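Have a look at the structure below, then the notes.
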Amino acid sequence: MAQRSPQELFHEAAQQGVLARSQPWWKIQLFMWEPVLFGTWDGVFTSCMINIFGVVLFLRTGWLVGNTGVLLGLLLVSFVILVALITVLSGIGVAEHGWMGSGGVYSMISSVLGGQMGGTVGLLYVFGQCVAGAMYLTGFAESISDLLGLGNIWAVRGISVAVLLALLGINLAGVKWIIRLQLLLLSLLAVSTLDFVVGSFTHLDPEHGFIGYSPELLQSNILPEYSPGESFFTVFGVFFPAATGVMAGFNMGGDLREPADQHTPRLPSSCWVSRGFSNIIFAFLLGAVCTREALRSDFLIAEKVSLVGFLFLLGLYISSLASCMGGLYGAPRILQCIAQDKVIPALAFLGNGKGPNKTPVAAICLTSLVTMAFVLVGQVNVLAPVVTINFMLTYIAVDYSYFALSMAHCGLAQSPEPMPRQGPDALHCSEHLLQDKAPSYGSDTPAGSLSEGTLLEFTKDMDQLLQPIGGLESQPRSREVNQVLKSQKHKCKKDAKQTLQDSFLLDAESPLSFSMGASERLSVASCGEQESYQNQQTSRSESHDHLVPDLCTQPRANGEDFFLKCRLQEQQVQRRPSAFYVCMCNPWVSLLGALASLLIMFVIQWLYTLASMGVAALVYLYIGQASPGLYLGSASNFSFFQWMKSFLVPSCRSLRSTREQIILAPSPAKVDMAMTQAYPGQWQTSATRERYHRSSFLSREQLMPPY
């Protein structure tokens with residue numbers, strides 16, 4: 001039997017020989033008794049495509065065109081696609097820095113902005129997923145009730161609750177064949193979409209408002225004509241939940257066989273481009289073949305346009321159930337990851353999992369209860385704005401995460417303007433530690449020796465302990481050692497001495513000439529390190545230009561390179577090999593997308609936006625008090641307000657802040673100084689005393705002579 005590729009959909013079953021031989025029906029395992037991991041295409045691609053074909057596309061596209069018109073409707077659909085695409089590209093940019101965790105959006109934001117912000121946004125995202133699941137179930141129940149002729153609102157709620165309980169049982173049991181039906185479900189969605197396109201020019205139904213293509217009809221539907229109480233932004237708030245499935249692929253990072261696969265990050269963007277193309281086709285065709293009255297009043301007008309209405313309804317049912325199933329799958333696992341990280345101690349019981357895949361049973365039950373509470377609302381147009389605000393807050397956090405990570409990664413967060421240099425021989429900010437000589441109190445210090453208690457004295461002691469390269473006696477010997485160090489700098493690791501020099505910010509390129517061999521050994525031993533560091537800085541700057549070309553092309557002072565190296569080591573940001581789609585990730589575009597989303601939130605539902613932001617602020621403060629020791633994030637050294645101040649204040653001369661400067665006493669560059677005793681030969685015992693002043697306490701009895 002040939003060896004199968006691990007990317008195949010039935011790879012796990014083929015290894016067990018299930019496909020090779022038939023088994024009796026009573027021996028077939030329907031439930032997952034072992035961990036099941038997804039591949040790149042059968043996991044990420046199919047999940048993204050099924051989740052983004054939601055109920056809003058099938059039930060509210062005609063209503064959107066009937067209110068906004070064809071022209072403004074296409075503009076609204078394009079704007080929704082653009083906002084979601086910017087978020088997808090921002091998520092790809094964060095994932096390319098090494099993130100791919102099991103917590104989905106929570107892990108992504110926590111790795112950049114810290115656990116406190118990640119926990120806050122993660123809880124908002126979980127709440128939005130629960131409300132979105134209720135909206136999908138309500139849309140499914142509306143279609144079933146219309147098909148059965150049931151106009152009662154309680155019929156819609158009863159159908160929604162029954163379907164929710166069925167999906168809850170499937171999610172808890174983990175039926176294996178449900179996972180393997182994803183490609184089949186995706187094929188049925190494609191067939192239903194094709195059925196709608198073919199039906200738009202193969203038949204007519206004037207009784208229900210489907211009169212076919214005509215220039216007069218398209219011209220009458222080109223301009224907006226809103227229903228009473230509707231506007232552009234209310235329609236936008238109802239239609240935006242069509243973009244809520246873009247993060248489904250990122251939420252599956254912990255259930256992939258190969259999370260670091262190079263194809264994984266680009267699949268969500270490919271899926272969303274396909275979804276955007278489908279939205280535009282739906283909006284244009286409905287506006288070109290149906291009357292405005294039918295578009296605004298009949299939510300199932302697309303079913304009348306389809307050639308075979310049953311196929312369209314099948315696609316609607318599949319998309320509704322799959323989207324709800326995706327919410328019941330992703331939200332509990334994010335909640336489980338938050339509980340496992342102990343972000344909120346009160347939710348620690350939700351971190352336990354059962355079964356081989358660590359199924360979060362408690363989290364699934366909790367999210368199902370929240371979903372059931374919103375199912376009782378029973379109206380899609382009421383639930384859609386709630387979903388919109390929560391998801392837009394999440395998308396703002398993702399966009400800002402990539403912007404902050406890019407700014408912190410390029411070292412522009414703390415130093416937007418380089419300090420002017422006084423000359424080509426200006427000292428580095430770490431050189432004064434090497435050149436200042438502390439006095440030795442009373443010790444017998446010969447001329448030309450190193451001063452006691454300095455970092456160079458510590459380095460000399462480490463030379464004696466670690467026994468590095470021996471003393472250099474002549475200039476030819478120094479050149480020979482330099483050549484040896486240059487040849488071996490890429491073959492061996494740093495020794496302990498060089499590691500200590502890095503940690504104490506020692507700089508070997510000092511203009512002072514020390515007479516002892518220890519200083520010569522210091523300069524020679526750190527020569528190889530300085531050259532390797534310069535090479536690393538060159539390669540790192542090239543990779544930075546590759547990563548964010550707009551940010552890294554700004555000039556930077558040479559004295560800042562050393563501290564930039566230290567900051568990058570603290571951030572511990574990983575980079576993968578650059579791919580062709582990385583150039584599409586731009587931090588400035590992400591920032592503009594975040595600001596645009598924030599503005600739209602206030603225009604759609606400003607009251608609910610303020611309430612959501614207030615709740616988020618309270619959760620943020622509570623997490624800070626309950627769990628103060630959370631991870632700060634790789635972009636913790638970036639402050640948005642300091643960054644804004646650095647750009648806005650210099651533009652106004654009257655508001656220009658004075659730069660703080662520290663004046664250091666100049667040290668003689670080419671003069672050797674030594675300390676000698678004022679009276680040689682006397683007080684020899686003072687040379688053996690330790691390097692600090694002593695004090696003692698004398699009582700009254702010791703001071704008064706005895707009588």
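Cβ atoms here come from the backbone N, Cα and C positions, even for glycine.
Swiss-Prot lists 36-59, 71-92, 122-141, 153-172, 184-204, 232-251, 272-295, 307-329, 361-380, 392-412, 579-600, 606-623 (among others) with the feature transmembrane segment. Annotation comment: Swiss-Prot describes 469-489 as region 'Disordered'.
Non-local neighbours of the transmembrane segment (122-141) in the same chain are 54-56, 58-59, 103-106, 109-110, 155-160, 163-164, 241, 244, 247, 316-317, 320-321, 323-324, 327-328, 330-331, 334-335, 337-338, 343-344, 367, 370-375, 377-380, 383-384, 386-387, 390-391, 393-394, 612, 616, 619; each lies 6+ residues outside the stretch with a CB under 8 Å from one of its CB atoms. Between the transmembrane segment (392-412) and the stretches 232-251, 272-295, 307-329, Cβ pairs under 8 Å are most numerous for 232-251. Under 8 Å from some Cβ of the transmembrane segment (307-329) lie the Cβ atoms of residues 47, 50-51, 53-55, 57-59, 129-130, 132-133, 136-137, 139-140, 143, 147, 163-164, 167-168, 170-171, 185, 188-189, 191-193, 195-196, 198-199, 202-203, 245, 248, 364, 367-368, 371, all in the same chain and six or more residues away from its ends.
Beyond the ends of the transmembrane segment (184-204), by six or more residues, the same chain brings 46, 49-50, 53, 210-213, 278, 281-282, 285, 288-289, 302, 305-308, 311-312, 314-316, 318-319, 322 to within a C-beta distance below 8 angstroms of the stretch.
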